[in-house]
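The structure under discussion appears below in the form of structure tokens.
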Amino acid sequence: MNPILINRLQRKLGYTFQQYELLLQALTHRSASSKHNERLEFLGDSILSFVIANALYDRFPKVDEGDMSRMRATLVRGNTLAEIAREFELGECLRLGPGELKSGGFRRESILADTVEALIGGIFLDSDILNIERLILNWYQTRLDEISPGDKQKDPKTRLQEFLQGRHLPLPTYLVVQVRGEAHDQEFTIHCQVSGFSESVIGTGSSRRKAEQAAAEQALKKLELE
């Protein structure tokens, strides 16, 4: 690994690993080594959910669990994590196998998001829960300050459906047009057809559901421009 890139990443994270092997493992995709980051990702996913849930509980004492769940989902979903990964310039530090490198895996949102969760798991094991909580809240400070309960926290498919129903238009249709990758690391491409659109909008994701949500998000953006 390029030490300049690793040092830059740790500065952006706000944390220097004591156990360097944990950092390397967190950055290692399944395609690159048998000692990959998926166990750390599993751990980091749970820690992130706890930290964000706790922060929302403290910030919104009068908001019900439904709105808090939707706000948490917005904050921990894949594209939000991928945005954070890009803020860290994480793609340049990933350890990928030749196939993933060739297909542009360092830009793929699902890989970037999973690696952020793996880093959370790695930092927790390298330090403690208070330290990783402090870091997560720092990474999320602006997003936590800006988020609020309400309809905009509903997932894109729900918002698109309600938008169309409110105008007495047909519901959108979703079609899987491509599935790439091996069973453990697939990427789905979905076409979403909306009444009034001359062409389908496209969404991609690591599962059919995520790809459909991404396509619905693109449809909503297009509707807002019309």
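For all residues, glycine too, the Cβ spot is worked out from N, Cα and C.
Checking the candidates E21, E38, E41, E199 against Swiss-Prot: the one annotated together with D114, E117 at the Mg(2+) site is E41. For the domain 'RNase III' (6-128), DSSP puts the residue distribution at 89 helix, 2 strand, 32 coil.
Residues E41, D114, E117 make up the record's Mg(2+) site, and a Cβ search at 8 Å around their centroid adds N37, E38, L40, F42, G44, D45, A113, T115, V116, A118, G121 from the same chain. Shown for the domain 'DRBM' (155-225): DSSP residue counts in helix, strand and coil, namely 29 helix, 20 strand, 22 coil. Cβ neighbours of D45 (active site) (same chain, under 8 Å, six or more residues apart in sequence): V76, E117, I120, G121.
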